[in-house]
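Undergrad: First, the structure itself, so that you have it in front of you.
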Amino acid sequence: MKILVCENYDKLSEKAAQLIMSQITLKSNSVLGLATGSTPIGMYKKLVEMYENKMIDFSDVITFNLDEYQNLPIDNDQSYHYFMDENLFNYINVKRENIHIPNGMAKDIKKECIEYDESIRKIGGIDIQVLGIGNNAHIGFNEPTVNFEKKTYVVELQESTRIANARFFNSLDDVPKNAITMGIGSIFKSKKIMLLAAGENKAKAIYDTVYGKVTPEVPASILQLHDDVIVILDKEAARLLNPVDYSVV
Ligand code: GLP
């Protein structure tokens, strides 16, 4: 696990966007695994700027998002479909047919899960997966639990996650109770993983992810076992880490 600590959120976003740009420069038809949440928004803004400055071409890029709420129509402004359009896809030249986001409205949700993993497999796997992290160390919507889920599945959201995400909805009651998410196994198969975290409220989750026991109780701790993980933090999220374990950039 390589850990970079940036002066502030803006630098973190810049660094993350540069890594995505390098990936696409090296392989124009890269398969990107994308995340939602507030953390990657700065990175998406930088990617849009890079695209506008003709530094990146997304025309051959393929994307797979981590997760989506269940039973939230895609035109709801809190759906992750809507989020991705508003923060990235509407402003770059990615082809619509190359965008994949789990369909939380699917009638046959089990089939949707199986097909989602199958689409990732057919394309040859994810080249770089972007991850945020929940306060409880969830990744995608893999909540702390008793076993690592191998495949894309439907998860019941923990109350703490619903409360954390309620800030984007009118009320807690509006936050869906379930989501469809790539499983830990689906995420782990990605060739590279880039985990982003900013702010003091992520410091404990980052500490447990980096130093803790590898356990499904701390879903992100599995990343300790992956060969190619880069963690990009701001100073606040890195507060509990030993400075010998990271580089300041
Ligand atoms: C949601 C998403 C996660 C994200 C997390 C943290 O639960 N499903 O992918 O990492 O929120 O969000 P934020 O970056 O807003 O703290």
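Each residue, glycine too, has its Cβ placed from N, Cα and C.
Just so it is clear, the model here is predicted, and its values are computed rather than measured.
OK, TrEMBL features for this one:
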type     : residues : note
DOMAIN   : 10-226   : domain 'Glucosamine/galactosamine-6-phosphate isomerase'
ACT_SITE : Asp67    : active site, proton acceptor
ACT_SITE : Asn136   : active site, for ring-opening step
ACT_SITE : His138   : active site, proton acceptor
ACT_SITE : Glu143   : active site, for ring-opening step
Undergrad: Please list the active-site residues from Asp67, Asn136, Glu143 whose Cβ falls under 6 Å of any atom in ligand 1.
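TA: If the test is a Cβ under 6 Å from any atom of ligand 1, the answer is Asp67.
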Undergrad: Express the distance between the Cα positions of His138 (active site, proton acceptor) and Asp67 (active site, proton acceptor) as a whole number of Å.
TA: 12
Undergrad: Can you tell me how many other Cβ atoms are located within 10 Å of the Cβ belonging to Asn136 (active site, for ring-opening step)?
TA: 18
Undergrad: Looking only at Cβ atoms, how many others are within 10 Å of the one on His138 (active site, proton acceptor)?
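TA: Around the Cβ of His138 (active site, proton acceptor), 26 other Cβ atoms lie within 10 Å.
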Undergrad: To the nearest Å, how far is the Cα of Glu143 (active site, for ring-opening step) from the Cα of Asp67 (active site, proton acceptor)?
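TA: Distance (Cα to Cα, whole Å): 12 Å.
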Undergrad: What's the CA-CA gap between Asn136 (active site, for ring-opening step) and Asp67 (active site, proton acceptor) in angstrom, rounded?
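TA: Checking the Cα atoms of Asn136 (active site, for ring-opening step) and Asp67 (active site, proton acceptor) gives a distance of 17 Å.
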Undergrad: Please list, in sequence order, the residues in the chain of Asp67 (active site, proton acceptor) that are at least six apart in sequence and whose C-beta is under 8 Å away from its C-beta.
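TA: In sequence order, Thr36, Tyr80, Pro102, Gly140, Phe141, Ala179, Ile180, Thr181, Met182 meet the Cβ cut-off.
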